[in-house]
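Copied over from TrEMBL:
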BINDING   B:10-13, B:34-36, B:69-72, B:92-94, B:121-125  NADP(+) binding site
BINDING   B:Trp148, B:Thr173, B:Arg199, B:His249, B:Asn278  substrate binding site
DOMAIN    B:122-277  domain 'Meso-diaminopimelate D-dehydrogenase C-terminal'
Number of protein chains: 2
Amino acid sequence: MKTRIGILGYGNLGKGVECAVKEANDMELVAVFTRRDPKNVTILTENVPVCHIDEVADWKDKIDVMILCGGSATDLPVQTPQFASMFNVIDSFDTHARIPEHFAAVDKAAKEAGKVAVISVGWDPGMFSLNRVYANAILPDGKDYTFWGKGVSQGHSDAIRRIKGVKNAKQYTIPVESALERVRSGENPELTTREKHERECFVVLEEGADAATVEKEIKEMPNYFSDYNTTVHFITEEELEKNHSGMAHGGFVIRSGKTGMNKEHNHIIEYSLKLDSNPEFTTSVLIAYARAAKRLYDEGQKGCKTVLDIAPAYLTEMSDEDLRAHLL
Amino acid sequence: MKTRIGILGYGNLGKGVECAVKEANDMELVAVFTRRDPKNVTILTENVPVCHIDEVADWKDKIDVMILCGGSATDLPVQTPQFASMFNVIDSFDTHARIPEHFAAVDKAAKEAGKVAVISVGWDPGMFSLNRVYANAILPDGKDYTFWGKGVSQGHSDAIRRIKGVKNAKQYTIPVESALERVRSGENPELTTREKHERECFVVLEEGADAATVEKEIKEMPNYFSDYNTTVHFITEEELEKNHSGMAHGGFVIRSGKTGMNKEHNHIIEYSLKLDSNPEFTTSVLIAYARAAKRLYDEGQKGCKTVLDIAPAYLTEMSDEDLRAHLL
């Protein structure tokens, strides 16, 4: 019997889950839930109902894993505990600083309901976290480096759009190549914020706005831009639409560490992602952990887990025997 | 209480384990076992006894995890099942094709004894396997590439040394940079053996041997060299000793895969290692899994596991709370 998947929230992530379920031979999409009027939501899969979020309780016994595709700022802190009381759930909660409190709330709800929840699934947190933990466990005497990009940062793009005179904007976070090379050389450098990433902004001005004023305001914005080398390009709305609508992203997790009786040997562990579509890669990870959640639930486990608590073999359709014979 | 570690076999791996245990605050080395006369074996750690392998049964209750540092060809197929009947054990069995039968033998012994065994721990099999499994689970529609090197291949060096007229030799396996670039571009190329790796040989001739004959014999050797672009350098024994005694190694695991309703997006997941010391990195992985083996045993688990069956959180000294707060 196939694992029955529900999608809650039909934005970029919801659509990505829909694509990823299609690739999984052991899963089927059974319903999509939305806060909008379901009549106005058209999905890509035929014969799957779109339901209003208020009807979700009716699906309690018809869905094995509900994938929560809301945002981390306001949706998931409420939704994940709420729906973990009815379903096994997966979310991509990515506010790193608030993970401990989110974990506690979800764990309580899932344990009371006898369900499995997996939070903070995706690539960072997610695959990058895994790689930090493996690399730290192997090389305890070492140093971690995480670089993001090249890719659009939603938060930084939003910050630019809030500036008076800005009609629209996209901001790319770009890792500094020379910093990556220093890390890869085993030098174990101390890198400042400015040395690790640069920021490139593509800005559409409102009619009559002054470019020099906007550029100055961007470059001097504390936290967001003032600690970085920032480049600002002014372009038309058409150019923005045509050249900067992609959702590519990526990054690097590197650990450099020493071994040997006299620390005479250095080792570099590097994990990197180069993604054409940030949301579709994220949801591909979500689907792999949905498979794991179902298996853990079937084993009688309950409560909140993260990617750190789940063995790799749970993520794949392959049997343990096939994994040992072909991928080990 | 610290996890009590035993080392069985004191070659390069045994010495690497000794270094790695020193780095672990939660472990202590309690004994080293050897087939040699213990009087002739001097270890780097003070106040730790070196014992003959025949005495190992006396240590049944004094060692939590025994790390087996023998070779995969003849030692481990016998030793791992044998010692899994007395201890929790870790090995680095790396004959990929024979893993299923090794697993079966070790699983039987460990289950009967109520012990935990973890086999095929290291980097390939080991960390490379993990990365193949994670990447396959996330991108089911894709293609795997594993490249090894630059590093010395023991098997290929041995093959050269068996040639008449060769006094000594080292062979480096080198990934072809242009092949790596094609894979990273998302082209998903079909690569021949020759296109993926090249081989570089450093050979010391016996007095009077003919260089041209030896070079021809190396380059035409089936399986080992004939399918590769091979370069042969003739050097002196002193040069070999001075410039080619290192144990550096490394490699790359790359998966390139597609997502999207029309497969319109490509993603590249890359994991790479650049290691100054192949044995010390391998043993750093062994020690992390020794920690996991002790925890699994304390939880009441038994039988044979691989790196695919163990969640990342088991490998580190950090608590689950700290992992979530700092590395997730």
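Using the three backbone atoms N, Cα and C, a Cβ is placed for every residue, glycine included.
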Among B:Trp148, B:Thr173, B:Arg199, B:His249, B:Asn278, the record's substrate binders - longest CA distance, Å: 18
B:Asn278 (substrate binding site) and B:Phe93 (NADP(+) binding site), distance between Cα atoms, whole Å: 15
Other CB atoms, at most 10 A from the CB of B:Arg199 (substrate binding site): 22
B:Leu13 (NADP(+) binding site) as reference: those binding-site residues from B:Trp148, B:Arg199, B:His249, B:Asn278 with C-alpha within 10 Å of it: B:Asn278
Against chain A, in sequence order - binding-site residues B:Gly71, B:Phe93, B:Pro125, B:Trp148 with Cβ under 8 Å: B:Pro125
DSSP three-state assignment for B:Asn278 (substrate binding site): helix
Nearest of the binding-site residues (B:Tyr10, B:Arg36, B:Gly71, B:Gly122) to B:His249 (substrate binding site) - Cα to Cα: B:Gly122
Mean per-residue pLDDT computed across the domain 'Meso-diaminopimelate D-dehydrogenase C-terminal' (B:122-277): 96
By Cα-Cα distance, the member of binding-site residues B:Trp148, B:Thr173, B:Arg199, B:Asn278 nearest B:Arg36 (NADP(+) binding site): B:Asn278
Minimum Cα separation from B:Gly71 (NADP(+) binding site), reported as the residue among binding-site residues B:Trp148, B:Thr173, B:Arg199, B:Asn278 that achieves it: B:Asn278
Assigned element (helix, strand, coil) containing B:Arg36 (NADP(+) binding site), judged by DSSP: coil
Binding-site residues (B:Thr173, B:Asn278), the one with most neighbouring Cβ atoms at 10 Å: B:Asn278
Neighbour tally for B:Gly122 (NADP(+) binding site), based on other Cβ positions within 10 Å of its Cβ: 25
Cβ-Cβ neighbours of B:Trp148 (substrate binding site) (radius 10 Å): 20
Alpha-carbon distance [B:Tyr10 (NADP(+) binding site); B:Trp148 (substrate binding site)] in Å: 26
